[in-house]
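First the structure, then my questions, so here it is.
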Amino acid sequence: MAAEWASRFWLWATLLIPAAAVYEDQVGKFDWRQQYVGKVKFASLEFSPGSKKLVVATEKNVIAALNSRTGEILWRHVDKGTAEGAVDAMLLHGQDVITVSNGGRIMRSWETNIGGLNWEITLDSGSFQALGLVGLQESVRYIAVLKKTTLALHHLSSGHLKWVEHLPESDSIHYQMVYSYGSGVVWALGVVPFSHVNIVKFNVEDGEIVQQVRVSTPWLQHLSGACGVVDEAVLVCPDPSSRSLQTLALETEWELRQIPLQSLDLEFGSGFQPRVLPTQPNPVDASRAQFFLHLSPSHYALLQYHYGTLSLLKNFPQTALVSFATTGEKTVAAVMACRNEVQKSSSSEDGSMGSFSEKSSSKDSLACFNQTYTINLYLVETGRRLLDTTITFSLEQSGTRPERLYIQVFLKKDDSVGYRALVQTEDHLLLFLQQLAGKVVLWSREESLAEVVCLEMVDLPLTGAQAELEGEFGKKADGLLGMFLKRLSSQLILLQAWTSHLWKMFYDARKPRSQIKNEINIDTLARDEFNLQKMMVMVTASGKLFGIESSSGTILWKQYLPNVKPDSSFKLMVQRTTAHFPHPPQCTLLVKDKESGMSSLYVFNPIFGKWSQVAPPVLKRPILQSLLLPVMDQDYAKVLLLIDDEYKVTAFPATRNVLRQLHELAPSIFFYLVDAEQGRLCGYRLRKDLTTELSWELTIPPEVQRIVKVKGKRSSEHVHSQGRVMGDRSVLYKSLNPNLLAVVTESTDAHHERTFIGIFLIDGVTGRIIHSSVQKKAKGPVHIVHSENWVVYQYWNTKARRNEFTVLELYEGTEQYNATAFSSLDRPQLPQVLQQSYIFPSSISAMEATITERGITSRHLLIGLPSGAILSLPKALLDPRRPEIPTEQSREENLIPYSPDVQIHAERFINYNQTVSRMRGIYTAPSGLESTCLVVAYGLDIYQTRVYPSKQFDVLKDDYDYVLISSVLFGLVFATMITKRLAQVKLLNRAWR
């Protein structure tokens, strides 16, 4: 009988699944996806006027080709997100791109047109140092791979190993450079810090060591990043101690030659490590005799070393970035500098945005007061500036600086030099520039969106007419006649807006669909009828804030925080929504530095992206916890409480009205702190003088298990039904404790027989342990969702070697203790806890539950899979009350018979083929429709859509036949009128009889 009911259920479910799928005409109608590659690490641009792509490798372990005309991704390969997938080096030769990844363990060759893999080989173990192309007889044939102890030569066409040789004295010498220029030999250069340089020359054909030279360099610590090889194998190294350049011809010389810089009227910057920046356009030819010498953070010099003579071609005392590029026989140098005034790296920008902090990647550039830069080309042979090669561009965000410059040079029809420039800024913005007076910026890409750390959705404001109509209520001072006239004028304004909307619809209906432009303008943003269109406020790891319109993905505003350091943590809070007109909405961003522990507050308008006039408090101590209270000030802004490391409380805003409310509500304000290293959870309460008092403490032995996650409930969550009606018509009441915390622990012992996952349900007010359970032979990573009266968490079962879900549900029983008010201090009995586990056939990347405005709609779990798909799983499938043997009462409740396997159906994927690479999180928000939940999945890509867990029961479908129903209604009305007339005639005739 049970099997029969189970088969019936699965047949019923299978038939209903396609109804939740996306139809062909709905693709892209209410969803969108934006793909990114991340911060550029290496870039190679094709040098031809008709080139249509540029190949990049990024810090997100992505190799991709971008369309140079539009900036769109032509193809993309996403490697592992760990250090194993990191790209260590990249070289471009013809139509092939060579990459080395995984710390020098894997080398690949890619075809640049379609992104196909030509070949892949596994390299010998060892610390990777350098990669170079080796030419022979006017053609590039080999790839040289330099490691800590070996030098290997591989065939460019197949990747097969030609030879590998061990480097002499590799245990003490740090080999860091490899060089070849088609002469049949290849050099490996190593250094013993502050001692000497070792130069080993190998024969390309058989790998035999031809020559080995040792040169004393007591001032040199590193070769890479400081020295360079110029002209015909001449090693040039800057010597800050003697203020000179040291040169060594690798072919003929055995000792360094010193060339003082004073003879060229040049000087190194104090405390700055100078660098030599050479260029070798073709691996079969020698390097150019010209090179850049980086003297200070904003000082470059173009020098030439030829036949033992060093000469200054051009001095660039105020320069941001430089780059070389070659086309045909012409090699040019691109120089980026400020257009007018210059601001040093250590200066400050706008005080409201904080002061600059030095970043390792941006310390070698300067910033401009007006954020306007120019790029000019110079002929390297003479240092003469080429005419009509100036590109002037401006950066929108104050405080950001250019970090990298790549040049794409080509020859025009008149044999003059043309070029395009790829610029990457400090905030991970990619700009592709061209020489056009009308449109300098050909395209731009906001690659910081590849690393979103937190986001919130904010309702859009009402239109002016709607706001004026709302403002009528609650104002009786105008009198009856005044209110009537105001209502009349408001209705006329609404009628005018409706008429213009109808005219626009009629006008657009006459156009082809491709010509209809629905441009999103920040000045005309207004809430739609069902509140489906919202403002998405996103914060990225680089410290950049974005305002994105949710229905189209259009970036409406952006702000950059220049003093945010890497690995900082962020928390975004909405203090005031758009519901309190005329007060503007207000968001507060809390940024915490990981190293110092210090925090900063930034207050801004989430709709327009402007910094607020409200000055946030200056935080002088590290912040441990932040609380957004339901208490509001006189301007309807929620109060933010900040607790520092001395357990002192700071309120924002701290008006007299707020302090009075906090004084009254202090006994009912509780918070908790987590110290994962010590395994301590502490509960505190607020006193009336805004000090804190320890109310409870719980210690989990850190030598046995460590705290990995603490999950509370969403404060904006609504629960519609407080109980479940059972088969016998009794009610099983839910335990809806808003103060409940789900604490997940993991064993410190990594042995698969002794690992375990622990779950503790703790009351955050009293510290009472409501429930605890242990999953033996299990390990993380653990993903958890805590909502209403249930907790779902996922883990890896080491014994059965599979992923599993465990669901917990809490009930008070058939009698509700207090239906009007909840208090953690007045709960005599522990709730009943039901638990059940399920097998899931895949690991997961992220998990979240749907949420709606009133909580009436059924809940679904949105599960992000490693493949990039998002699975919408009904919570009813993870019900701990599912019976193994169905009974009459369970069938009455529509409980599904228990089956341990949770299957993945492709029809349940809400993003069909719009996969999200390397998904890190899923955000859900309610809309104005109870049936609709807004979903944003973010990772390397961003995907936004809508889901309907209980179908669209509150709105007509898109394919609703308005013409048919209208014609039927008109027909019925017409038939009623005719029937009425016929009945009157019949009655009249009957009366005359």
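Glycine is no exception: its Cβ is also placed from the backbone N, Cα and C atoms.
Okay, so Swiss-Prot annotates it like this:
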type	residues	note
SIGNAL	1-22	signal peptide
TOPO_DOM	23-962	topological domain 'Lumenal'
DISULFID	CYS227-CYS237	disulfide bond
DISULFID	CYS338-CYS368	disulfide bond
CARBOHYD	ASN370	N-linked glycosylation site
CARBOHYD	ASN818	N-linked glycosylation site
CARBOHYD	ASN913	N-linked glycosylation site
TRANSMEM	963-983	transmembrane segment
TOPO_DOM	984-993	topological domain 'Cytoplasmic'
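Context for these features, please: burial, neighbours, distances.
Secondary structure at CYS227 (disulfide bond), taken from DSSP and collapsed to helix, strand or coil, is coil. Same-chain residues at least 6 positions away in sequence with a Cβ under 8 Å from that of CYS227 (disulfide bond) are, in sequence order, MET177, LEU189, LEU220, LEU235, VAL236, CYS237, PRO238, VAL276.
The secondary structure of CYS368 (disulfide bond), as reduced to three states from DSSP, is extended strand.
Remark: ASN818 (N-linked glycosylation site) has ASP826 as non-local neighbours, by Cβ distance under 8 Å and separation of at least 6 in sequence.
The local packing around ASN913 (N-linked glycosylation site), expressed as other Cβ atoms within 10 Å of its Cβ over all shown chains, amounts to 9. Secondary structure from DSSP puts ASN913 (N-linked glycosylation site) in coil.
The average per-residue pLDDT of the prediction over the topological domain 'Cytoplasmic' (984-993) is 90, rounded to a whole number.
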Inside 10 Å of the Cβ of ASN370 (N-linked glycosylation site), count up the other Cβ atoms and send me the figure.
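Its Cβ has 13 other Cβ atoms within 10 Å.
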How many other Cβ atoms are found within 10 Å of the Cβ atom of CYS368 (disulfide bond), counting all protein chains shown?
22
Inside 10 Å of the Cβ of CYS237 (disulfide bond), count up the other Cβ atoms and send me the figure.
24
Treating G and I as helix alongside H, and B as strand alongside E, what does DSSP give for the topological domain 'Cytoplasmic' (984-993) in helix, strand and coil?
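DSSP composition of the topological domain 'Cytoplasmic' (984-993): 9 helix, 0 strand, 1 coil.
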Just the number: how many Å between the Cα atoms of CYS338 (disulfide bond) and ASN370 (N-linked glycosylation site)?
9
